[in-house]
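Q: Mind looking over this structure? Questions follow.
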Amino acid sequence: MNSALNPVAASTAATALTPTSRPLVLGSTSPYRRELLQRLHLPFEVATPDVDETPLPGETPRLLAERLALAKARAVARNFPHAVVIGSDQVADLNGLPLGKPGTHERAVAQLRQMRGQTVVFQTAVAVVCLDSGFEQSSLAAVRVTFRNLTDGEIENYLRAEQPYDCAGSAKSEGLGIALLESIDNDDPTALVGLPLIRTCKMIQAAGVALFADRGEHP
């Protein structure tokens, strides 16, 4: 279901870089990804990626998520060439049909009606880029989510309560949206929220970020 780490650049396929004090940048304006990255207790900056998120003709949800995650990391890295940059993207995959952020109440209603009683795969991709070292890796976490057979009333009341219009699939699993679900199957617990931290940790450490550096915070 989920892929292993997939090196994109040949320079990173053989060996990882020695951890240093490289700055870390999150190439995303998502408050959910920012909150997840804060769990690592690492200093980081946030930058907005300027990327066209329009799907290519015939592009699958998985390929779309992978392409956009890498495009976001590369776009931000151009302004932070010495930093380790994280890019991420998530696309809900309903039987091959990509479902992005609804943006409006009406679209969110339509999405949840489509997904009720169905199993949806949330394709969550993350990419890490450091321009000056040539480091580039990406990985994908595929989260299988089965929705309850929701009534129209439940859908309407949920959306009014949580307004998840900036979330792929029109639900916030970290909030009331968990009540919409029958089951979740994945191997990277934070992937459904938008950033697979297990994969992210592996890649930023390989790129030169010291996850367990002594920060001088002794009792």
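Cβ coordinates are placed from backbone N, Cα and C, and glycine is handled just like the others.
According to Swiss-Prot:
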ACT_SITE  D89  active site, proton acceptor
SITE      Y32  site 'Important for substrate specificity'
SITE      Q90  site 'Important for substrate specificity'
SITE      E174  site 'Important for substrate specificity'
Q: Please list residues from the chain of the residue listed as 'active site, proton acceptor' whose Cβ is under 8 angstroms from its Cβ, counting only those at least six apart in sequence.
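A: In sequence order, E53, L64, A65, E66, L68, A69, K72, T124, A125 meet the Cβ cut-off.
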Q: Note down the number of other Cβ atoms within 10 Å of the Cβ of Y32 (site 'Important for substrate specificity'), including every protein chain shown.
A: 17
Q: Could you check what DSSP calls Y32 (site 'Important for substrate specificity') once collapsed to helix, strand or coil?
A: helix
Q: Which residues, sitting 6 or more apart from E174 (site 'Important for substrate specificity') on the same chain, put a CB under 8 Å from its CB?
A: Y32, V193
